[in-house]
Amino acid sequence: QTQLLGVLLAAASNLLISVSLNIQKCAHLRLACQIELKPYYMSKLWWCGITLLGLGEVGNFAAYGFAPIAVVAPLGCISVIVEVFLCVVAMMQALHLFRVLNRGTLTVTGTYLLVTFTPNVPQELTARQVQNYLVSWPFLVYSILEILIFCILLYFYKRKAVKHIVVLLVMVALLASMTVIAVKAVSSMITLSVKGKMQLTYSIFYIMVALMASSCAFQVKFLNQAIHLYEATAVVPINFVFFTTSAIISGVIFYREFQSAAFLSVFMFLFGCLLSFLGVFIIARNKKEEHLQIPFIDCGHIPGHKLTGKIQPDSHSSCYGTLNKEDDSVKSQS
C-alpha cells in the first residue's frame, strides 16, 4: 500500500511537471506577441507554471520515500507522453492524436510492467541503515568505478573539448545516480521523522543533503550544455534512457532492491524498461519529423529569380517579419 502511494505520487508529479512546462512555454509565447515587452516574471501564467513545477518536484521527492528507485525513475516517461499529447491537442488534429496514442502504446505497456513487477522491498530507511549501505563494499566498488569514469570523461570534456552528446549525458547520468541515492535517503529520513521516529539528528542526513544539492547542481550544468548544443528531440530520449538505467543500477547496488526478487519479476521488469525506452525514442523521433514537415517557401527555386541573400530569416532571430536593410535603402532611394 505504501509502495502504491509512491507510484501514484510519481505519476501525478510527472504529469504536473509536463503541464507546467507547457504553461511556461505558453506564457513566453504570449509575452513575445505583446507590443510592450515585459519580463517573464511579471506574467501570472508563468508563475502558475512555476508553481505547478514546484509541486511536481516536491511530489517526485516524496515518492522516493514510499517507492523503490527502480520504479520511480522510469515513470519519468509519463512527462514525455503527456507533453506530446498536449501539443497534439493544442493543434486540434484528430489524425495526429491517433498517431500519438499508437506510438505511446509501447511506453504505456512498459510502464504497466514496471509498476506490476517492481520489487516489493521495505521503504522505511533509518539513518543507521543508510550509514551501513554507504560503507558496504558493493557500493564502495561502484562509487570508485563511477568516479574513475566521470574523471576520464571530464578530462576529455575540459582538456580535449569533446562535447559529444553521449559524453555529456553519461556525465549527467553518473551524477544522477548519486542524486537519486541521496534523494531517497533524505526523503525516507524526513518521512520517518514526521511519523515520530526522529532521524534529523544524525550527521548522515546532512551529508546526504549536501550530496543531493551538489550532484544536482552539476547535473543541471551538463544537461543545459547538452540542450544548448543539440536538439531536444535527441537529448530527451537519450537522457531518459541513461538516467533511468543509472538510477536502477544505483538502487540495486546501494539499496539492494532486487535482492530477494524472483527471476520472472526481474525479467519482466527489465522487459518493461526496454518497452518504455523504445516508446520514448519513437515518440521523440516522430515529434522531430512532424516538426520538419512545416511548409515554407523556398525562394531559391522560383523561376527567374536568383538567390543572393537570406530571403527567409530564422523565426527566432530579431529580424524575423521585417524587411532587410538593403530593401529599406532601395525603397528610400525610389
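Backbone N, Cα and C atoms are what each Cβ position is placed from, and that goes for glycine too.
Per TrEMBL, the features are:
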{"type": "TRANSMEM", "residues": "6-24", "note": "transmembrane segment"}
{"type": "TRANSMEM", "residues": "45-63", "note": "transmembrane segment"}
{"type": "TRANSMEM", "residues": "69-88", "note": "transmembrane segment"}
{"type": "TRANSMEM", "residues": "100-119", "note": "transmembrane segment"}
{"type": "TRANSMEM", "residues": "139-157", "note": "transmembrane segment"}
{"type": "TRANSMEM", "residues": "164-183", "note": "transmembrane segment"}
{"type": "TRANSMEM", "residues": "203-223", "note": "transmembrane segment"}
{"type": "TRANSMEM", "residues": "235-255", "note": "transmembrane segment"}
{"type": "TRANSMEM", "residues": "261-284", "note": "transmembrane segment"}
Give the one range among 45-63, 69-88, 100-119, 164-183 whose Cβ atoms make the most pairs under 8 Å with those of the transmembrane segment (261-284).
100-119
Which sequence-distant residues neighbour the transmembrane segment (69-88)? Criterion: at least 6 residues beyond either end, Cβ under 8 Å.
3, 6-7, 10-11, 14-15, 17-19, 21-22, 60, 63, 96-97, 100, 104, 107-108, 110-111, 114-115, 118-119, 180-181, 184, 236-237, 240, 243-244, 247-248, 250-252, 255, 257-258, 269, 272-273, 276, 279-280, 283-284, 287
For the transmembrane segment (203-223), distant same-chain residues with Cβ under 8 A (at least six beyond the ends):
127, 130-131, 134, 168-169, 171-172, 175-176, 178-179, 181-183, 185-186, 189, 235, 239
Is it the case that the transmembrane segment (139-157) and the transmembrane segment (235-255) have 3 or more CB pairs under 8 Å, with pairs at least 6 apart in sequence?
yes
